[in-house]
Amino acid sequence: MKAGSNSPLKRDPALLPALLVIWAAMGVFILYPLVRLLLVAFFDDGQFTFSHIIHTFSNWYDRQALYNSLFLAVTVSLAGVCLGFIYAYAVTRLALPRAVKWLLGAITVLPLISPPFTSSIAMTLALGPNGMLIKWLGLPNFSIYGFWGTWLSEVLTLFPVAFLTLNGVLQAIDPNLEDAALSLGETKWRTFLRITCPLAVPGIANAFLLLFASSLADFATPLILAGHSFPVLPTQAYLQITGLHDLKGGAALSFVLLLPALGIYLLQRYWVGNRSYVTITGKAGARTKARGLDTCATVLILTICLLTASFILFLYSIIFVGSVVKVWGVNYGLTLDHYNYVFTRGFKAITDTLLIALTAMPIGALLGVMIGYLTTRKEFVGNRLLEFVALLNYALPGTVIGIAYIVAFNSGPIVLTGTMMIIVSAYVFRYDATGIRSTIASLKQIDQSLEEASLSLGESAFNTFRKVTLPLIIPAVSAGMKFLFIRAMTAISATIFLVSVRWTLLTTRILECMTELQFAQASAFSVILILIVFTASGLITLCFRLAYPRYDRI
């Protein structure tokens, strides 16, 4: 046998063309914009310089924005992880009816499938100058704008991420370990502190990193609620470009924002790659039911969960009410004029957003499955690097990606500014991450012997993937498609830089209404957007169930 005959490229001739196409696409839409961003930030007339960075941070306001961003990210992460852990503990460890657990989970997911500033709009209507709660509580001097309003809105928006992460972690902890501690005389509190919490530490740390990165990258909430008294880096970079028309200054701020985000991404990959939720229980035995804490702690946990769920429902109900009253805070007479405005003057935003989301969804899903399959099932040089680069855009703040795309595609060899393609590509190469991760996770649970058996029976590699592998990873494909569609409908941090007269989005229209104090129109747009997302998610699931009858059993 000749040397090198067992190389992956010779065993699978289709591997090289697939890798070339993927690397070419990622080179254009991931690496090239970031390189152009760095060139703008660090080069002036062909000469390397730190002058733009130094000039930007000689401004006290920009330095304060950096401190504020880090402080906000830390405090939001701490509060969000605590609240997410409490919710996850209630769902996994307390003896609650299944309907109550489902309801808590459903309410918690609401912020994840809504526009990123939905809670900001609701809190403005509830706690703003003409807010409903302000009038009820008699607090005329209270202001929601600044740190506390931004912090509360981000905690309510992001804690579901911690809940979903920790829910899986706590479910994986064998209750037999807690029973063993209790049988040896430990109290429920000591068992919780010495058994449950230590085993959940990897998940807690992972959730903290996820929330820190999300808060650091959040653009919409600070833009609405932070105001001039609490500047943060994403909004400062946006205002630097749109307000001061200083592209180099915006690129410098984006680079500073990129550093902690990239550090968190690397730390999270290291932590997740080395984490273990394995619980060694000795001999196999029946899995017992989890036991909760004592009565007082249980009541406290349930109170926190119910108050949080009630507040979330209250905020979403305020958005609906705000969309059908004439003038919020002045005239609460009912009207459908705001929906008439949405379906007349705002209808182009609806059609543009749907077209872009429906275009990005299948492309991103296909790319996610390809990258996930190649990095899991094929061995080749640069395997881990491919996965790292593919997930890079999702790890970086949307503000950084938006500015990088403007710098890269506004001039030079590839000009995409003002086109639909620049928005679609931003969505595809930023939000295909869930499809990639879901595919990788699903493939790692499938024994390769199933595919090897198909190949040994004479099936081609393509038919083996289509008939054997694909049906088994359909839930992962569905999850990736739904996530990409939801984010394409609701994202704003990157695309705020990419919209144009020819292509506008629902989220940018909502933001325009908020900045012009048209709260009723903003609420109407938000209600329509939430309904579209809910309906589309259900239709995607239905289509997969019809195409794959065993979908729910996979």
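Glycine too: its Cβ is placed from the backbone N, Cα and C atoms.
In TrEMBL this protein carries:
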type: DOMAIN; residues: 66-268; note: domain 'ABC transmembrane type-1'
type: DOMAIN; residues: 350-540; note: domain 'ABC transmembrane type-1'
type: TRANSMEM; residues: 14-35; note: transmembrane segment
type: TRANSMEM; residues: 70-90; note: transmembrane segment
type: TRANSMEM; residues: 102-128; note: transmembrane segment
type: TRANSMEM; residues: 148-170; note: transmembrane segment
type: TRANSMEM; residues: 191-213; note: transmembrane segment
type: TRANSMEM; residues: 249-267; note: transmembrane segment
type: TRANSMEM; residues: 299-329; note: transmembrane segment
type: TRANSMEM; residues: 349-373; note: transmembrane segment
type: TRANSMEM; residues: 385-406; note: transmembrane segment
type: TRANSMEM; residues: 412-429; note: transmembrane segment
type: TRANSMEM; residues: 484-505; note: transmembrane segment
type: TRANSMEM; residues: 525-548; note: transmembrane segment
Recorded stretch that, among 249-267, 299-329, 385-406, has the most CB pairs under 8 Å to the transmembrane segment (148-170): 299-329
Remote residues contacting the transmembrane segment (412-429) - C-beta distance under 8 A, at least 6 residues beyond either end: 25-26, 28-30, 32, 36, 355-357, 359-360, 363-364, 367, 393, 401-402, 405-406, 484, 487-488, 491, 494-495, 498-503, 505
Which of 14-35, 249-267, 299-329, 385-406, 525-548 contacts the transmembrane segment (102-128) most, counting Cβ pairs under 8 Å: 299-329
Contact between the transmembrane segment (299-329) and the transmembrane segment (249-267) (at least 3 Cβ pairs under 8 Å, separation 6+): no
